[in-house]
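The next block holds one structure in the form of structure tokens; read it before the comments.
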Amino acid sequence: MALDFDFKFYRQTSLHRPNHYVSTDPAGILHNGHFNKGTCFTMEERDRLGLRGLLPSRVEDLDRQVRRCLKQLRSHDSMISKYNFLSLLRVRSDTLFYKLVTENLRECLPIIYTPTVGQACREFAHQYRYAEGMYFNRADMGKMREMLDNWRPNLIEGGEVAIIVVTDGSRILGLGDLGVCGMGIPIGKLSLYVAAAGFHPAATLPVCIDAGTNNEDFLQDEFYLGCRHKRLGDDEYFPLMDEFLNAVKEKWPRALLQFEDFSTPHCFELLEKYRKKMLCFNDDIQGTGAVISAGILSALKMVGKNPREHRFVFLGAGSAGIGVADMICALLERRHGMTNEEAKKLFYLVDSKGLVTTHRGDKLAPYKVPYARTDVTERLTDLTEVCKFVKPTGLIGLSGVGKSFSFELLEYMGEINERPIVFPLSNPTSNSECSADDAFRATKGRCVFASGSPFPDVVYGEKTFRPSQGNNMYIFPGLGFGAWLAAAQEVSDGMICAAAETLSDLVTPVHMSRGELYPGLEKIRDISAHIAASVMKTAWAEGHALAHKPDCDLLAHVKDMMYTPELLDDLSCIVAGNVQKDGMAFALIHSRRGISFGPTKHELELSAVVVDLLDVHKGADKTKRGVPESSEGAEEEEEEEEENQENEEDREIIK
């Protein structure tokens, strides 16, 4: 049965329209990233909001602000310095930040996410400047649902959060256990959801579950900001996660939750337990699987070989490796009519102990068992040894071990294949299994290449190659936005396959003639819109969507729903002034309009002032109507009960 909610709820004019924002300190408006327009405030706005004299005289437009910030960004020498600059800009003005990023995506993407975010996470505790997102640990058990009420996104009617990215910091990129220092990943990921798919920035929530850390360097670091104990055992870890996830489901039942950088096997267990209970997915398993399988579909077209003739060696049999293998199998079934058993026979997985087989003698993790080879009795422990045994057409790296594809191995791939498929997918760049330069040179420019991190163009002979990047950003923004807009009950395998197929179908013959396996990231908002529309269509077809279908074209509808970084023309929602002087807060509270209090001390004190004003006003009102304050009888009791109820409602609004 379709859910009776209106898509217009999600429009810029409603979901993205601010509640009343009350500030007794005009300068506080300049420190609110959602409302701050800086030098773009008009003179009329400056007068009305008490900002005259607090800004330089010239009134600018947003484009000039973007040009200035871009110049400032380019003046920084290091990537981490640029990252810090953009982080501060995002806090100061999300409109300006997202306008700059969306118009300069190719330049900004490596700064706000991989590879720079890896360094930012390592330095998180030492570079910490301001609070973002929410943190939960075992001391919060029994309080998590109450804690979620502390998060008040003051731009959203009804206070709804649309998307949450959560990590426990246990497996950050290829850097390992970073504890709460992994918070930079959810923050960065949500920036991409906004820039690429059009979620509203105020509807996002980054979360870190602080379950401790096994990183001794952090435990000994005086500036480390997390709990100073070893990681919790499963008997404490899973109850902690269960309480958090159930609290989210109760507080924001329509929100999409994305698991990010959880260690194996926790990531599999959490996904398996909750994927049918709430709208959630794991980007490391399902997102990576979708984007790489889309790249493989494009590679198969480029190579031109019968899919059944391919053999893929995977270096890495963790969550990402299994997720990629699962998704390629699913697409081979959908696109090429193969059975699941036939598809799985194309894969040879290599972990830290060598080729994964049933004859190896060790106990295999449950998620590896479906890919364990039953037809190999030899114990093969070396990657080169495995490749010479298998003679693969494709070499895929998800190990997190840098330079593990040697130049000699790449040369061998070029010797046995006319067009070898080489995918070094580990992040960040330092952990990539090989460089683009090595891959193209070793194969004499014949490889079909995609990496996880960006690489510069490669010149070989008279040709210039632009390495493809199998960036999860191609998939997760559109997948998430489509699932959320459809009010899907789950993120199904069919919806993920639809996202992967749509991405592959967007690769044109022109792209392939240049050796590119993915469309240009500069078109990411259009790509995300196509993927979101495809995901929504599949959600309705499978019966997972609770929202009513829009009457208009689905792609046009998705684009209409996307947040666009533009200045608010109507700032009537902002009220600034002295509440004790003019009583305007009482007028607002009495109208039962939602009031959100900002983070400044003055704004927090306003709640007490409003309650006092309410009490004074109601006492005066009784006297005006000739009702004695000490009158007796049923009429007085009834009136007092009514007033108490009104007071309680007013306090709830203030909260």
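The backbone N, Cα and C atoms fix where each Cβ goes, and this holds for glycine too.
Caution: TrEMBL annotation is automatic and unverified by curators.
What TrEMBL lists as domain 'Malic enzyme N-terminal' is 90-275.
Within 10 Å of the C-beta atom of TYR113 (active site, proton donor) sit 27 other C-beta atoms, taking all shown protein chains into account. TYR113 (active site, proton donor) carries neither a helix nor a strand DSSP state and counts as coil. The active site, proton donor feature in TrEMBL is assigned to TYR113.
The annotation (S)-malate binding site is assigned in TrEMBL to ARG171, ASN427, ASN471. In the shown protein chains, 24 other C-beta atoms lie within 10 A of the C-beta of ARG171 ((S)-malate binding site).
Counting Cβ atoms from all protein chains shown, LYS189 (active site, proton acceptor) has 26 others lying within 10 Å of its own Cβ. What TrEMBL records for LYS189 is active site, proton acceptor.
Every protein chain considered, the tally of other Cβ atoms within 10 Å of the Cβ of GLU260 (divalent metal cation binding site) stands at 28. The annotation divalent metal cation binding site is assigned in TrEMBL to GLU260, ASP261, ASP284.
Sequence annotations record features per position, and here TrEMBL assigns domain 'Malic enzyme NAD-binding' to 285-540. Mean pLDDT for the domain 'Malic enzyme NAD-binding' (285-540) in this predicted model: 94.
For 621-655, the entry in TrEMBL reads region 'Disordered'.
Sequence annotations record features per position, and here TrEMBL assigns compositional bias 'Acidic residues' to 632-655.
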ARG171, LYS189, GLU260, ASP261, ASP284 screened against TYR113 (active site, proton donor), Cα within 10 Å - retained recorded positions: LYS189
Residues flanking the divalent metal cation site, with Cβ no more than 8 Å from the Cβ centroid of GLU260, ASP261, ASP284 and excluding those residues themselves: THR167, ARG171, ILE172, ILE185, PHE259, PHE262, CYS267, ASN282, ASP283
Pairwise Cα distance maximum in Å, (S)-malate-binding residues per record: ARG171, ASN427, ASN471: 18
Cβ-Cβ neighbours of ASP284 (divalent metal cation binding site) (radius 10 Å): 25
Nearest of the binding-site residues (ARG171, ASN427, ASN471) to ASP261 (divalent metal cation binding site) - Cα to Cα: ARG171
LYS189 (active site, proton acceptor) versus binding-site residues ARG171, GLU260, ASP284, ASN427, ASN471 - nearest by Cα: GLU260
Distance [Cα-Cα, Å, rounded] between ARG171 ((S)-malate binding site) and ASP284 (divalent metal cation binding site): 10
Other CB atoms within 10 A, centred on ASN427 ((S)-malate binding site): 24
